[in-house]
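Before any comments, here is the structure.
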């Protein structure tokens, strides 16, 4: 009998946990190999890690201002829609659904499966079919939880954020102890220019930025945040600084214990580190890392379902996905939509190819979103935002993002071309379906039938207006028949 909408249940602590839980996941435990491989040396890889942290801070500050200017949930999608228009926002949505998000979720779930099984098969590698099976089981568990309760998803994220910080501490502390004892042999000739290949640097940045990705997650749930004007900037700044410090110390610990060839040869860097430095925790750290990946999966599903929900509400996605379960107050259709694509990518994909595949599209649209901030400032100079960053921050971030995307065509032309093709394939879909505004006559009866059977109610006003209009027409017909009779 009461209004159906997504409740404001995300406090400052939960926002901080969402950011930490989304950033500290599989990235810091699998990306060091990708960063080192494409940067060429220990010293340059540490520079890349710090630069990625600084770049993430710039992007996070831009998104914090966008979150105070634009009051809707939806993250990248809604920011591009409100600033650059419907076409680029739909292309983002198209690429996000068919490429970026399923590939990202597949990478994280595969890391979860690998680290969960590592203690049972050490020193051998875990069988690939077993890794993929456990990966899918973990993903389905998170999917079920997000379908069941927003509150329990947020509580799990808070608990797993503590686990993530504990996992980093168990790597940082022994590494710093060994470094203090004088184990600096792996840092000799740290900046070896002979191994530096400039055209591979974008791939090193992709791997590093993948580890930091998650700083934008509060923008997806803006409408569910308590006091967003205050809590978004505060949560963003504190969490990104915490992660930068943690990641730099973690990488120094890795290189203190493991030589360059050891990092490049390891399928699970954190496990190799523990085998060398802290054998008493050989069965504990991989489980903590797996739980970190579990938290990242939870945060990803939690936020992306809101993108589909908002896109449906804005008329660029089928109306079914703007519906909310009456009792659970969860966007259940939007939560469940991703599971077939993620299942397929886990079954056929490889972590590093998937990472390059989705990174191109992701950073292209993040760059466009921060470009949209500059456009929005120019169009609405009268708008007083409670949080405002210096103009050079969005300009610098946008230029770096778009330059890295352009350079990546030289670094990995095959995967990047696939990602580019995926984005461009959204053009005919937009002009054939979205631009013409698909007839409600074809969509609404189906949504009405599904929603009545599954206890959903539509949030989207257009669908409600349509049903009300049809009901009025029906009553007019009945009245006319009565008069004729």
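Quick reminder: no glycine exception, Cβ is built from N, Cα and C everywhere.
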In TrEMBL, one of 184-202, 203-221 is tagged transmembrane segment. Which stretch would that be?
203-221
Examine the ranges 277-297, 298-318 and name the one recorded by TrEMBL as transmembrane segment.
277-297
Per TrEMBL, the transmembrane segment among 162-183, 448-469 spans residues 162-183
How about the transmembrane segment (416-434) with the transmembrane segment (12-30) - do they touch, taking at least 3 C-beta pairs under 8 Å (6 or more apart in sequence) as contact?
no
Stretch in 12-30, 42-64, 120-142, 233-257, 360-377 most in contact with the transmembrane segment (162-183), if contact is a CB pair under 8 A:
233-257
Does the structure show the transmembrane segment (389-410) and the transmembrane segment (120-142) touching, where I'm treating 3 or more Cβ pairs under 8 angstroms (sequence separation 6 or more) as a contact?
no
Given the transmembrane segment (42-64), which of the listed stretches 203-221, 233-257, 360-377 has the most Cβ pairs that are under 8 Å apart from it?
233-257
Most CB pairs under 8 Å with the transmembrane segment (76-100): which of 12-30, 203-221, 233-257?
203-221
Same-chain residues at least 6 beyond the ends of the transmembrane segment (233-257) with a Cβ under 8 Å from one of its Cβ atoms are 12, 15-16, 18-20, 23-24, 28, 32, 42, 45-46, 49-50, 53-54, 56-57, 60-61, 63-64, 68, 165, 168, 171-172, 174-176, 178-179, 183-184, 186-187, 211-212, 215, 218, 263, 269, 273, 276-277, 387
Using a Cβ cut-off of under 8 Å, list the residues of the same chain at least 6 residues beyond the transmembrane segment (203-221) that approach it.
10, 15, 18-19, 21-23, 25, 27-28, 31, 33-35, 37-39, 45, 48-49, 51-53, 55-57, 59-60, 63, 66-67, 73-76, 79, 104, 107, 228, 231-232, 235-236, 239-240, 243, 247, 296, 299, 302-304, 306-307, 355-356, 359-360, 362-363, 366, 404, 408, 411-412
